[in-house]
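Report on one structure; see the data block that follows.
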C-alpha cells in the first residue's frame with residue numbers, strides 16, 4: 001500500500017500556483033526557510049554535497065540548498081507543486097532535479113546515494129511517518145545526515161499551530177494541519193533510532209505575533225527540527 005494521503009496531496013495541489021508568492025499562504029515557509037537552511041548548513045556543510053529533499057513541494061528549500069552549492073534532488077507526490085518548482089527554476093536559474101516519486105520507491109532505486117537528506121514539514125502529512133524515516137535512512141550514505149521537521153502534539157501546539165495560525169491569524173488555510181498527525185519529539189526520536197539513525201540535535205522554531213518574526217531556540221513545544229546521523 002502506498003504511503004500517500006490523497007487528501008493531503010489535493011490540499012497542496014489546490015494552492016500550488018501561489019507557492020512562490022511571499023504574501024500568500026506560503027509566506028511562513030518563505031520566512032522560516034533562511035533560518036532552517038542556515039541551521040542545516042552549519043551542521044552538514046552543504047557545498048559540494050549530494051542532497052535529497054523529501055516532500056519538496058514547490059522547491060523553496062531545494063533551491064535554497066542548491067544556492068549553497070549542493071547538488072539537490074527534490075521529490076514529491078504532488079504533480080502541481082512539482083510543476084511550479086520546475087517552472088520557478090527556469091526563472092531563477094537554480095538547478096534542481098525534481099521527481100514525482102515516494103521516498104519508499106526512491107529508496108529501492110537509490111540506496112545510500114545521498115550525503116544529506118532533508119524531510120521538512122512532511123511527516124505530519126503521510127499515513128505512516130516511520131516508513132518515510134526508514135526510507136530516508138536507506139537513502140543516506142553511511143556517515144551522512146538526515147534532518148526532519150514537524151509539529152509537536154500537545155495543547156499548546158493545537159492552540160498555536162491550528163487555532164492561532166489557521167483561524168485567528170489566518171496565516172494558513174483552515175484544515176492545513178490535522179492535530180492527530182502531529183508528532184512528539186519522543187516519537188520522532190524513537191522512529192529515527194528504530195530506523196538506525198542517531199539523534200544528534202534538536203531545535204525549536206517559535207513565532208512572535210507582535211514582531212511577526214521567527215527565531216530558533218530551545219522551545220520545542222510547537223515547531224521543531226532534529227538532526228540525525230547514520231553511523232558509518
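Cβ atoms are placed via backbone N, Cα and C, with glycine included.
Annotated S-adenosyl-L-methionine-binding residues in Swiss-Prot are 36, 55, 120, and among 21, 76, 128 the one listed with them is 76. Taken over all pairs of the listed S-adenosyl-L-methionine-binding residues (36, 55, 76, 120), the Cα spread reaches a maximum of 19 Å, rounded to the nearest whole number. Listed in sequence order, the residues of the same chain lying 6 or more apart from residue 120 (S-adenosyl-L-methionine binding site) and placing their CB within less than 8 Å of its CB are 36, 53, 55, 61, 147, 148, 149, 225. Within its own chain, residue 76 (S-adenosyl-L-methionine binding site) has 55, 56, 57, 82, 85, 98, 100 as residues 6 or more apart in sequence whose C-beta sits under 8 angstroms from its own.
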